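K.L.:
Quick one: the structure is below, questions incoming.
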Amino acid sequence: MDISLETYKVLKFNNLLTCLYLPAVVYLLNYSGQLYNLGKERTYVEYILIAAEFWKFFRFYRSQKNLKRKFTLGNIVKSILTCGAVVLIFHVGAILFGAPFLTEQYETLFFAVLLTVLTALPVCLYLESDYVFTLFSSIMLYDEMNQINPLEEYFLWNIRSCLFGSWLGAVLIPLDWNRPYQEWPIPCCYGAMAGCFVGNAYSFMQYAAYGQNEKRRSKCRA
Amino acid sequence: MVKWAMGNNSYLYFLFLVWLSYLIGTSVILFTKGFLLSRTVQRKNSTCLSHSEVPCTESLGYHSNFNNGEQCSFEDKLRSILTKYHSASSICLPSRTRVVLLIVDALRYDFTVYDDENTNPLPFQNKLPIMKNMLKEYPNHSRLYKFIADPPTTTMQRLKGLTTGSLPTFIDAGSNFATSEINEDNLIDQLLRHNHGVVFMGDDTWNGLYPNRFKRNFPYPSFNVWDLDTVDNGVRENLYPELGNSDWSLLIGHFLGVDHCGHRYGPNHLEMERKLGEMNDVIHNVIKKINQTENMMLFVIGDHGMTATGDHGGESLDEVTSAMFVYSNQPLANFKITTDSVKQVDLVPTLCSLLGVPIPFQNLGTLMLDTLPIVTKNAGLSNWQFTLYSLWANVQQVFDYIKEYAENEGTFDKEELKTFQQKFSIMNAKIISIDTEEKFKAFTEDVVIFLKSLRELCEAVWIQFDSYSMIRGLLFIFLTSFFVFVIADGMPSDKLSKVFSSSFILCSYIILAIAALASVLIYYLEMTDELLKTVFFFTGFASQVMLALLVVQNWDVITLNWYSRRKAEGLSNLICRFVLVFNLGGLFSNSYIIEESFVLLFLLVTVVLIGSLGITSKKVDIKKKQIVSKFWSWSKLKFIILAIFVAIFVRGSAYFWKCRQEQQWCFGLHLIGSNISKAETTKLQWAVTVIFLGMFVFSTKEWLRNAGNMNGYALTIIVAKFLPTTIVVCISGYWAMKRVSSNKKPINSLNSLNSLPLAVYLLTAIGLFVCILKPLYAYVLPNQSQEATSIPSLYKRIKNNISEREKRNEDIPIVYGMGTLYSAAFITIGVYLTLLFALLLGDAVAPSAVIMFLTAAFILIVTSVLRIEKATNIEQLFDVPNISVLVWIILSHYFFYGSGHQPTFQNINWDAAFIGTSGIFSNNFIPATLVIINTFCSYILMGVLLPLVLITPFTVFVMIPSVCEKKPELRLDASRGEVVLFERDKLMMTSMFALACKYITGHAIRVFASMLAATIHCRHLMVWNIFAPKLIFESIGMFVTLGSVTVGYLILMRINSQAEKMIQKLNKMS
């Protein structure tokens, strides 16, 4: 799949949007005094993020004139199932990493859903649901980066930084400061969001640099 | 010729490993000697003249009689003494009373409080009504206080505190069972010096502390924690007759039943009700006896409390708070100055002034004024004057001590000392003007505050670190691990073997010997006063120089090697570095140490999952459908699933975690709840454990059979076939019998019970011995014509093709089990060790030993597959990547927690010392070994099985041939399995050596980190609670690791030489 300069612009803008609305969501949570209720009580953050993803995808879709993807019912069902499977994987994974096994089910589930929304959902939308597992299974591979196209690379980096952020967030939990933000899953959720932010910022800069290069190149050609 | 060089080299590697172990061991010892050093004992004793020796002449201005002292009356003399407060500590008042001191071990304060409204008391509540009755009926004769102990709350430390009045030192906590004689000034010796008789009965710890001091001595063994009655019955037997004698001044009775009941059943058990009831009767009877004699007092004290599970040793409120009950047949003074809680050290000055002996020189306690009986022979003086005199004697003694200590050691702050001196002078001036009881009371309040602040001064500055020794230890361990890691990691193996076949090791050993000799010389020239430290320092320094030389010499090779490898490193290595940093960084945070079980679980799962994700390499050219189908059909998916299984296993072992005191929210097997009495497991647990063990033995045997190692009738093979099953039967029989016998009371059946664990020890020893003696699990088929197609594992047979010439030969002998020659022996040893751990861990935690083994096996397979994936030729497989070593290290650390341990002294599983032993030992070697095996089982297993990390890829070739389907370059070698190792045994030994070095330095760097953490936090609030125990556990773990890695290396050498012999024999045959 070749990507036109036009598409790059849209993607770049989408990245910028993400970098803006993620802090905005955190700010809103803080404003409404729900900052430390994330994952503990209903905060509707997941719905906001899902809506934002769809909105971004809609912008992207509109700009693509010759997109070959078909939105058949089968595809949609498959995507939903894939997302469900990813949620399950994240849930089990969190427990394996030491999350409570029988208690605090809601918290763990919220964490799994949040991670899925930040990582798997965009892949299901932009690429195909089959890519989800391929990308997930190759997050540890670095050498083969040059073989894949920029869109996939963006998602791969997004997944990596997201998972790494939530992994790093767990550092706070064992400390004995007795602060509200140390409770599972709050630091991991914010860590994931921070990771997503960093990933998007990175991609934004990459695309920007790429765009500049392309412009220069086309000028040269001209 | 080549073989000879090889053999020589592998011994040289062994020598280097010994040298490395020595270096790390000495650095740890140097550090701990500086760090755990604490109070310096002052050798001075208090002395005083008894009142009869005092002449009653000089300075008695008002006295009418100016003749010499012999003629003045007792009253006059007393009057003259009592006016001379400045000599209070050097002249003793006459003894006021005789004292019966009953120590009820682990008498927690709430055991003694009687609550009338509690209609449904727990087994430990309302069981001592005698105290309530006495307090109610004779409020002027009896007292009850909270009796606050200084941590650590172990019996020996408490006894030291109770007799010397000094604060405990940390290092004593570790030597609780190696009782050593007290030689600082103490109550017992003071009594002897003043011709008072002391009679003792009870816990034989006293006998170790005070040998040959007692007039009559009735010691009973204390170590058998399961024995609730022997000591108590013995004490009761001797107590009542002894009360009738009048030749003693102090009678000590030490009851252990309550403590042992706590250890065995916890406080919430019917046995506790029985033991406390017995204590109640004893107190009742003693009081009856006392009322029949004159001038006698009873002190009933607990030396420490117990936690909700009945253990002690730490400093939680439950452990520290015990009780003191006082009864006197004379009325007690009632100044209402003593609060309702007193310090344990306060007992010493109180007993001293009651018995008329000087207060021990190092005492820091304060006289308990309200427990002194009113003086009857008062010579017209009022009671408070006597009390004031004793109190001032106490103040003088404490102040003298502090002054002396400051002079000798120079530890206290000069300014602070000056203010104390001023306060003391002011009080000294004030004391003469006291003439009424009101003034006395006001004065005592000042005095009590003064003494308290003096004690706090000591508590704050007590621990005097030897920073010089600590820094040397830190530096040496860091440099050693740094240099050795650089050598082992940086040098390619051909270079490494070249270096070692030179005279390097020989030179180093000669230089070490010279260094040791030099330090001995210096010692004899009296330039240093500690031989051991000097030797350690000199040899350590010389070694660092040698290692540094080696590194500098080969620096170009090392940098080149690192540079070329750096390019090949991927993202997973970065994550591994993160993991290592977190692993080490966690040691600097107290909360991370407390929650380390979680942290290690997190890191281990991270490494396992990342490792398995790293496998799925190469084929990610994105071409839609193709990839997708490829993903699902990937044979590597198997390994992701395998990794998830490993993770599930590891997560599942969280069930066996124990909780620390600090983990309030704790969950898991050993719930800290008052409703659970311990040491009893359910039938279900027993059954699950036995099934686990059975399955484990079956599966390992099945593995070996599939590998073709179980053919033939050689001794090793027969033993390996039948012994593990027998051991499992013995273990489960022992547990079943223990369950049955623990329901009944008598302990006598314990002895007959011991035969089963003894059998397990014996069988394990036989198994290990045979396995090391004849480590080859191979079967040579005598004649090819008999080719036995019926043997199920025939297709696994590996032809012994040492050379091409033999391959063409028709008469080549067929050898079964050649492909897994090395791993079979290690697996068998692992099985024996695991079964031994299972026995020692007990039926509740035993499955964790099996889980440990299985996790290790899975991880070996996963990492080997990873390595096979990455390898481009067979030589590369000999190079163990750092991630595999890291996983192996984290594994050993994690399963310390996974097998139900915590790095705190309270959580040491002392029960292990009783398995197969009667509980009475002539020395501490056997119980200490059993407890160490129990506590550090993961370190032992991972250390001994370390060679498997190197061997497994070749085992995987044989057992899972599909892994090298895509590796045509490896296929030829792969089909021969571990024979490849044998063919390149020189390379194998070199890589094994590098692996062992990396593994040891990985552990050492963690010990270094915990040392550094202890140094940084040496004035931290929690240093004695968290950092110091962590350091001690890490250090012992380090020693265990050093030993077991060396053993593992030796076993590999042994197998190699045996295999060589066998091949030579085969060559002769054909």
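Backbone N, Cα and C define each Cβ position, glycine as well.
I grabbed these lines from TrEMBL:
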- B:12-36: transmembrane segment (TRANSMEM)
- B:503-525: transmembrane segment (TRANSMEM)
- B:531-553: transmembrane segment (TRANSMEM)
- B:598-616: transmembrane segment (TRANSMEM)
- B:637-657: transmembrane segment (TRANSMEM)
- B:684-700: transmembrane segment (TRANSMEM)
- B:712-736: transmembrane segment (TRANSMEM)
- B:756-777: transmembrane segment (TRANSMEM)
- B:814-839: transmembrane segment (TRANSMEM)
- B:878-897: transmembrane segment (TRANSMEM)
- B:940-960: transmembrane segment (TRANSMEM)
- B:1031-1052: transmembrane segment (TRANSMEM)
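Quick one: where do these features end up spatially?
P.N.:
For the transmembrane segment (B:12-36), same-chain residues at least 6 beyond its ends with a Cβ under 8 Å from one of its own Cβ atoms are 170-171, 465-470, 472-474, 476-477, 480-481, 484, 500-501, 505, 508-509, 512, 533, 536-537, 539-540, 543, 989-990, 992-993, 996-997, 1000, 1004, 1007, 1011, 1014-1015, 1018, 1028, 1031-1032, 1035, 1038-1039, 1042-1043, 1045-1046, 1049-1050, 1053.
Within its own chain, the transmembrane segment (B:503-525) has Cβ neighbours under 8 Å at 12, 15-16, 19, 531, 534-535, 537-539, 541-543, 546, 550, counting only residues six or more beyond its boundaries.
Residues 19, 22-23, 26-27, 29-30, 33, 469, 472, 476, 479-480, 483-484, 486-487, 499, 504, 507-508, 511-512, 514-516, 518-520, 522-523 of the same chain, all 6+ positions outside the transmembrane segment (B:531-553), place their C-beta atoms under 8 angstroms from a C-beta of that stretch.
Sequence-distant contacts of the transmembrane segment (B:637-657) (same chain, at least 6 residues past either end, Cβ-Cβ under 8 Å): 597, 601, 604-605, 608-609, 611-613, 615-616, 631, 668-669, 844-845, 847-848, 851-852, 854-855, 858-859, 861-862, 865, 894-895, 897-900.
Here the transmembrane segment (B:712-736) has long-range neighbours at 686, 689-690, 693-694, 697, 700-701, 704, 753, 756-757, 759-760, 763-764, 766-767, 770-771, 773-777, 779-780, 816, 828, 831-832, 835, 838-839, 842-843, 846, meaning same-chain residues at least 6 beyond its ends whose C-beta is under 8 angstroms from one of its own.
For the transmembrane segment (B:878-897), the list of distant contacts is 489, 493, 572-573, 576, 579-580, 583, 596-597, 600-601, 603-604, 607-608, 611, 650, 653, 657, 848, 852, 855-856, 859, 863, 867, 870, 903, 935-939, 941-943, 946, 949-950, 984, 987-988, 991, 994-995, 998-999, 1002-1003, 1006, 1033, 1037, 1041: same-chain residues at least six beyond its ends, Cβ to Cβ under 8 Å.
Counting same-chain residues at least six beyond the ends of the transmembrane segment (B:1031-1052), those with a Cβ under 8 angstroms from any Cβ of the stretch are 13-14, 17-18, 20-21, 24-25, 28, 32, 35-36, 174, 772, 775, 822, 825-826, 829, 892, 896, 903, 932, 935-936, 939-947, 989, 992-993, 996, 999-1000, 1003-1004, 1006-1007, 1010-1011, 1013-1014.
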K.L.:
Can you tell me which parts of the same chain pack against the transmembrane segment (B:598-616), counting only residues 6+ beyond its ends and a CB-CB cutoff under 8 A?
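P.N.:
Residues 570, 572, 575-576, 579, 582-583, 586, 592, 634, 636, 639-640, 642-644, 646-647, 650-651, 654, 859, 862-863, 865-866, 869, 883, 886-887, 890-891, 893-894, 897.
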